[in-house]
Amino acid sequence: MLRCFLVAAAAVALAAAAAAPARAIPFTESDLSSEESLRALYERWRSRYTVSRPAASGGVGNDDGEARRRFNVFVENARYIHEANRRGGRPFRLALNKFADMTTDEFRRTYAGSRARHHRSLSGGRGGEGGSFRYGGDDEDNLPPAVDWRERGAVTGIKDQGQCGSCWAFSTVAAVEGVNKIKTGRLVTLSEQELVDCDTGDNQGCDGGLMDYAFQFIKRNGGITTESNYPYRAEQGRCNKAKASSHDVTIDGYEDVPANDESALQKAVANQPVAVAVEASGQDFQFYSEGVFTGECGTDLDHGVAAVGYGITRDGTKYWIVKNSWGEDWGERGYIRMQRGVSSDSNGLCGIAMEASYPVKSGARNAAASNRVVKDEM
């Protein structure tokens, strides 16, 4: 169960232009040299990021003890980021982002979470509906050297799940938004909140879920409504059945990408955005700012994201373009480029090739407004 926390020279240039880092707090070694300079750096950070943190055990969120603890955590993280960026040979950088006063454990519990319990092998097997993989016959040698579904208009803006473990809903919705644009020509921003509130048979709202279960729910429910009709609140509430009955976008089902096969994942992403799971609870992922991520991570999958493209840098490093749900002030304006092709038949970096799936939509059919059945809110 995911608790949470995604060529030619011209294509390379376009990818570089789209990879600008989010705004972060710049600092130098001198900012770490004394208590006074560290306090000044911390206040600069606090003036940028107004975020609410869980109180320390037994304390109050704004008392002196908790404030001191937050400062100490910030200092440790700032020093880690500085030392990591000083090391050579890493094609990515870290930054003091909005998570800079959170311990790794707090970050994991709030934005990542319940790890390997979600694996499909523990939830009824693999293969999606019918066990097929429609892109299996595609010739790998004939795939485009780079794909970016953002540039094809099939990706909505970056969203922010907040302190709610609903990454699975954002991953699901990104994939459905993408295939709907490809099949109908319409990019519609869809409702994660409907999934959080209403898809409660197998998924657990802010306490985690699986993208495959969410695809099943959308099909079974007859579609999914829009973000504007059922806005996101970053908390689980009572299902608004009247709003959820507005089936603005439909799918026919879903399929799973063969596990541990980056070649198969590339074939799928060449055709549509794909829901994927990664391990995102390490410090390098927490503070990622820009570049091709090659940082420390394992395969305890704890975060749902969407693979919305792939490419290659000028120096030949292959990468995935991954849409996250932590807001535009994380990573490359909400995205992360993750190293691709780590090894043949591998799990992929951070397990990205282990649990990928995508929605199936055969044509331009969506529910018409005239056919909507509005039910009483319950």
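Just so you know, glycine gets a Cβ as well, placed from its N, Cα and C.
The following features are taken from Swiss-Prot:
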ACT_SITE  CYS167  active site
ACT_SITE  HIS303  active site
ACT_SITE  ASN324  active site
DISULFID  CYS164-CYS206  disulfide bond
DISULFID  CYS198-CYS239  disulfide bond
DISULFID  CYS297-CYS350  disulfide bond
SIGNAL    1-24  signal peptide
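Taken residue by residue with DSSP, CYS167 (active site) is part of a helix. Between the CA atoms of CYS239 (disulfide bond) and ASN324 (active site) there is a gap of 25 Å. If you take the CA of ASN324 (active site) and look 10 A around it, the recorded positions you hit from CYS164, CYS167, CYS198, CYS297, HIS303 are CYS167, HIS303. A 10 Å radius around the C-alpha of CYS167 (active site) takes in these recorded positions out of CYS198, CYS206, CYS297, HIS303, CYS350, in sequence order: CYS206, HIS303. In this view, CYS206 (disulfide bond) is surrounded by 19 other Cβ atoms within 10 Å of its Cβ, with every protein chain counted.
Around the Cβ of CYS350 (disulfide bond), the same chain contributes VAL278, GLU279, ALA280, PHE285, CYS297, GLY298, THR299, MET338, each under 8 angstroms and 6 or more positions distant in sequence. Here HIS303 (active site) is positioned 12 angstrom away from CYS164 (disulfide bond), judged by their C-alpha atoms.
Each of the recorded positions CYS164, CYS167, CYS198, CYS239 was assessed for Cβ neighbours inside 10 Å, and the highest tally belongs to CYS167.
Other C-beta atoms found within 10 angstroms of the C-beta of CYS297 (disulfide bond) number 20, with every protein chain shown included. Cα of HIS303 (active site) to Cα of CYS198 (disulfide bond): a span of 20 Å.
In the three-state DSSP scheme, CYS350 (disulfide bond) falls into the helix class. When secondary structure is read from DSSP and collapsed to three states, CYS297 (disulfide bond) falls in the coil class.
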